[in-house]
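The structure under discussion appears below in the form of structure tokens.
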Amino acid sequence: MGLLSDPDVGSVKWVRVLKRVHGPVCFLCYVGALVWFVLLGHREFNNETYFSENALLPGLVTNEFNAEQTANQYFNELHSELQANYEETDEMPVPWLVGMMSHIHLEVYTHNFTLRYPLGKGQVFKGTNVYGILRAPRTSSLEAIVVSVPYRSVGSHQKTTVAGIALMLAFAKFARPQKYWAKDIIFLVTQHDQLGMQAWLEAYHGLHSEAEPFHASLGSFWKPGTPKFNMDSFLPNIPFRGRGKKPLNPGTLKGRSGSIQAAILLEFSSPKIRYVEVKIEGLNGQLPNLDLVNLVHKLCQKSGIHHSFGKSYSWIRGRDSMDDWKNGFWTMFEMMVGQIDGVPDGNHGLFHRFGIEAVTLEGRDEMDPGGKVPRVNTLSRCNFYKLGIALESILRSLNNLLERFHQSYFFYMLASTHRFISIGQYMPSLCLLCVAMLIRALSLWVTTLQQDGDYNDKQTNKTNKKPSKHKLEKAKDSDTEEPGEQETKEVTKVKTPEKKKDINMSVLNIGVNYLLVHLIGYGVMNSPFMMAYYGSVYYMKPPEVSVYFGIISIAVLLIFVTPFLPYLLRKGPISYEELSLVNILVLTELSTVCLSVAMQNFSLGFAMAVIYTPLALMTSVHVRGSGKARALLQLLKRLVCLVVHPLVVLLVCMVAYSRHLVADESWLATLSRGSDAAMQAIMFSVVDSMLYGNWLFNLSTSILLPIWLIFWQILNIKVNAP
């Protein structure tokens, strides 16, 4: 009956249990998440790859490619052309490419694009793409497949792609007279690597630089005649986000085909390679459909080409389960490290945002700069014939598609070339980290509520313990007293209980401080434009130096300023309940952000959760007069908070990466190299966010930095005991 009369009777027990065990439970969730993640590399925790799309029919056609001599001829001619006319320039041999494609009887077009560099003084760069369209004889250009090669000059620090261009032209000449093509094939050569590919894709899909951005279109909701707010009238010389125009002008295409279903990109510097690396990582961690990845690996194997992905090599099959586990884990870990920054590892990564599945085939040999490859010298070398057979098999399988890739996984990780980890297998590791933060938030919430409830219970107990004093007064209506007619009146003298304690909490002050901190993050996100402008105009510094030291200055300033922001927004002192509510809000926000980001880029979301969950769990409200031991503990928490500052995390990662690349140099040289790498990383992330839509810089400044600042506020503000 107690549960029926008092609904709080059953919950009190669970509240006490939660307050007592939430610490160990959160610790177990954190450790369990890491253990789960490590176990994903084992064969028992992942799956063997398979095909979900039956229409692909991989490897069932009879290969007819016989243009090896043609490919060698194109290779030698292009090599001679570059040595003769383009050895000391970055220009692309547009006339030669147009002539070769026209000789094959393709529909040849050139595409011009312009980039106005968004930082600094706004330098202008121009480029040209060349593409030819092979019209399908069986359809009316409703669908298309792209075969693309990025052009790299002779003096480039990257390997040239001369063999890739030669193979593409030879295959185009072979495919031109064939009658079985049901989709157009677009043969594309891009300049400036990813920049040229981004411009071509935007032009192909009708995205132009004149299209106004979202914030500029908000004026359509205003009443006619209402003046719009224009920052140009206040600060006319400072470029705010490119003045509403995109820095990349993609131009227009003179010819186009139908909807692009898939794309295969080739990066071969020489036909005599040892093996092919299949690259799949795209922009912001996007991945191609798993069926396309499986198709490429299977057909490479069928064509007699050794293939690899990360640390997994097709010619190595370990018999020891422990070795398989380690190889699977390191392959998965390397894939996640490559996805964290959101930068695609090839031009294929720019297709994914347009709903086009794409991969890159890169030729490698024993001199590969990625690291030492086991038993690579024992592999037989490839040639144009094997590469052409593999390309023909892939394109003819894609030619069989009746609809877009949709039946297999889009969210996965690879443990090897033939094993994968689905989203249902890797998400529990992240969910455990978020559960730990939510349990911590729930514990703080019930603790705050119980403190007020305990005070009210004490006041009620004081009232019940005092004895009641009764007086009986007889009310007589007549002089005679009859049985049963006696009325007694009970008069109780009860002491009025004390007034209920009000929780000293201002939701308005909390909300204003929370909003202000996030607005600071939004300002930091837009600050590189002003930093680069002032640095180039007044100090003659390059944009990367201005942005790097400007962000460091802002970070140091915020460390000293943000703990005082809550005091500026209120008259009285900050209460324990207010700071506890702020802690609950930031725990909820951090867990929500990690889950939301992980739905698109699991690697970035998981890395954020692993780094910031310990800070979230150890952050607590500091009470005045709590003793020297707690003061020392609070100081250690502040040091940990400084260590996980987003800028410090970036610097530590760059120093560790520099040490990994050059392990024999001094630590001072490593720190200098790591600082330069951090400078370049920040600059690249800023530019990528404006050109390609990379999330990393915007997410770090507008969301992750405010979350860190709120944790820093909680650790540096002292409140009175509740």
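Note that Cβ sites are derived from N, Cα and C of the backbone, with glycine treated the same way.
According to TrEMBL, the protein has these features:
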- 21-39: transmembrane segment (TRANSMEM)
- 426-446: transmembrane segment (TRANSMEM)
- 455-495: region 'Disordered' (REGION)
- 463-473: compositional bias 'Basic residues' (COMPBIAS)
- 486-495: compositional bias 'Basic and acidic residues' (COMPBIAS)
- 503-525: transmembrane segment (TRANSMEM)
- 545-569: transmembrane segment (TRANSMEM)
- 581-598: transmembrane segment (TRANSMEM)
- 604-623: transmembrane segment (TRANSMEM)
- 635-657: transmembrane segment (TRANSMEM)
- 695-715: transmembrane segment (TRANSMEM)
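Highest Cβ contact count with the transmembrane segment (545-569) among the listed stretches 426-446, 581-598, 604-623, 635-657, 695-715 falls to 695-715 (criterion: pairs under 8 Å). In this chain, the transmembrane segment (21-39) lies out of contact with the transmembrane segment (695-715); the count of Cβ pairs under 8 Å, excluding pairs fewer than 6 apart in sequence, is fewer than 3.
Proximity of distant same-chain residues to the transmembrane segment (21-39), defined by a Cβ-Cβ separation under 8 Å and at least 6 residues beyond the stretch ends, is recorded for 45, 329, 426, 428-430, 432-433, 435-437, 439-440, 442-443, 606, 609-610, 613-614, 617. Of the recorded ranges 426-446, 581-598, 604-623, the transmembrane segment (503-525) has the largest number of C-beta contacts under 8 angstroms with 581-598. Counting residues 6+ beyond its ends, the transmembrane segment (426-446) has Cβ neighbours under 8 Å at 15, 18-19, 22, 25-27, 29-30, 32-34, 36-37, 40, 413, 580, 583-584, 587-588, 590-591, 594-595, 598, 602, 605-606, 609-610, 613, 616-617 in the same chain.
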